[in-house]
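Per TrEMBL, the features are as follows:
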type	residues	note
REPEAT	195-229	repeat 'PPR'
REPEAT	302-336	repeat 'PPR'
REPEAT	337-371	repeat 'PPR'
REPEAT	372-406	repeat 'PPR'
REPEAT	407-441	repeat 'PPR'
REPEAT	442-476	repeat 'PPR'
REPEAT	477-511	repeat 'PPR'
REPEAT	512-546	repeat 'PPR'
REPEAT	547-581	repeat 'PPR'
REPEAT	582-616	repeat 'PPR'
REPEAT	617-651	repeat 'PPR'
REPEAT	652-686	repeat 'PPR'
Amino acid sequence: MLLLQPPLVSSRFHSLYFLTHHHHHNHHHRFFQPPISAFSATASASSPSSSSSYFSSWNGLDKPKEEEDDEFTTEVHRRYDFSPLLKHLSRFGPVELVLDSESKSDTNTDTSLEPVEFELAESYRAVPAPYWHSLIKSLSSSTSSLGLAYAVVSWLQKHNLCFSYELLYSILIHALGRSEKLYEAFLLSQKQTLTPLTYNALIGACARNNDIEKALNLISKMRQDGYQSDFVNYSLVIQSLTRSNKIDSVMLQRLYKEIERDKLEFDVQLVNDIIMGFAKSGDPSRALQLLGMAQATGLSAKTATLVSIISALASSGRTDEAEALFEELRQSGIKPRTKAYNALLKGYVKTGPLKDAESMVSEMEKRGVSPDEHTYSLLIDAYVNAGRWESARIVLKEMEAGDVQPNSFVFSRLLAGYRDRGEWQKTFQVLKEMKSIGVKPDRQFYNVVIDTFGKFNCLDHAMTTFDRMLSEGIEPDRVTWNTLIDCHCKHGRHIVAEDMFEAMERRGCLPCATTYNIMINSYGDQERWDDMKRLLGKMKSQGILPNVVTHTTLVDVYGKSGRFNDAIECLEEMKSVGLKPSSTMYNALINAYAQRGLSEQAVNAFRVMTSDGLKPSLLALNSLINAFGEDRRDAEAFAVLQYMKENGVKPDVVTYTTLMKALIRVDKFQKVPGVYEEMIMSGCKPDRKARSMLRSALRYMKQTLRAS
């Protein structure tokens, strides 16, 4: 649910126009200038109204917007009958929205008028501009009459009857945006020189249709034309980003800097939108910082904004801060509702002990706040994480008792918990329970089931589930296909995976970057290099650009096969298109060199990694130790261990095991027990492989003693 709804056309194109555009750009445009006699006659005829009282009511200072609009429209219909004009414009049937620049209706130079049209124009000469605005808004409120609204505007221009054409065009542009006709909105905008009003309408249309790139370009062009964007534009863009889940902290920071550069004064709406944006982008720190700044200037945060910050903090594992903000919300006199409790509960499920999650649900019930499906699903997650399956099933019973019907999502969470703890056999029990209470599995549930069977190599069960899904009329999505293709690849069924990939395309589900990455990895594992290159070409031809995962996959498969030149070429190509190589990619390359004992090349890759500004990971350093070990360079292997200690990288059991292996390789068995002891002292618990290394070293030492 959005924090604040986008403003209505009238409030954006009237009150805002007076407050900003009229004052800032008075030397460019005027709101309207009907003939003085006509305006005066209207004002006196509708006493006690006057032009000033008209402006006051138009700006919504007296009545709610809906009531004021209805009354004004009624007044328009009472004083003026536009039906002859509409009938005249519709005389050849329904009026289509024609935006062709050659359109006859747009021609203002045609002076030879039919007598009927001339008389019609004269009869409307005294109509004040606001009445035309109301007519255009009324016609624009329906998609079916948008063409007629455009015809009226063109007719008014032809006869020079209304001087505020930019407002009329703005109303039309807004209506086109609302009707998802963004292309037509841009065509229409070309009919007039863009003004702040038409810019605003276009930006709003782009934001409404989630075309953020165009909206941001328009804000930039508006600035280039010497106009200052208003805070509403930024609010609409941020709301659109939040709504479409495309928001990220970097983009928001850029927008925030633009707002500061334009010296726009933040209002309550914009502040709340930005704070919520940072929270939704997973950046609760900046959300909290802005919240403090807003409160210091007297701007209050909406409840929904605070809840979004609580949720972001909980998701980041910052439960203490989430608790503090929740308490602040409660102490401010606001009674937290279910969504606020769920936001904090998510944090307890993620990081806190089970008793905190249980007490949160108890407190909800004590304070008269009813748990919903999300509450119960979070509590089920908590019990599953703790391995308390019976308690999770009791929650299902509580849901039924509380008239909250468990849905497929709740069962999918229960099943995901079983899967993550390796108890895939319980899948059948979950299915049985669902059936017993009449809950039908949905696509998401089937995706979890298929993933569960795939992870534990029960591919026949996975395919049976897929067939059942199809038989119930549930169309697989990309997640379904990707899961099936991936699990077949991981278990060596590459031919079946290829068949599934082709079936996916046949059923009209277009592969995404993830799909291609899975198949590229499959071809790489099989060393089918020509097929891999063909697939890369197909991927690009469909407009899907290789991403970081694609390049990492290529480096990995090339490295494993010893095709190091291809791996390096892939890295260089990635950099040339502006993508930054990841630590994972360098890890794959270093590990590939290590497996072949190419320690010098591994060191070079490590150096390039650090020069690219990437912090060496434990995995990369362990691979480097392994490379030196395979190359019988034990001194350098221990130098890497020293580097780890000096740079705050904590060695793990793999580090020490790899060092022991390096010592055994160069017959330095007597040093192995010392490394083993250091591992225990550092807090690493030896695993089976580490103990095996120690036994091997001790055995060789005994043999050496006996031989001597």
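If you go along the chain as it appears here, the first residue is 1 and each next one adds 1.
Cβ atoms are placed via backbone N, Cα and C, with glycine included.
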Notebook entry, point to check: Under DSSP, the repeat 'PPR' (617-651) has how many residues in helix, strand and coil?
Noted result: 26 helix, 0 strand, 9 coil
Check: Within the repeat 'PPR' (512-546), how many residues are helix, strand or coil going by DSSP?
Finding: 26 helix, 0 strand, 9 coil
Item checked: Sequence-remote partners of the repeat 'PPR' (512-546) [C-beta within less than 8 Å, at least six residues beyond its ends] -> 478, 481-482, 485-486, 489, 494, 497-498, 501, 504, 553-554, 556-558, 560-561
Checklist line | Distant-in-sequence neighbours of the repeat 'PPR' (442-476), which means Cβ under 8 A and at least six residues beyond its ends | finding: 408-409, 411-412, 415-416, 418-419, 422, 424, 427, 431, 483-484, 486-488, 490-491, 493, 504, 507, 509
Checklist line | the repeat 'PPR' (372-406), counted residue by residue under DSSP: helix, strand, coil | finding: 26 helix, 0 strand, 9 coil
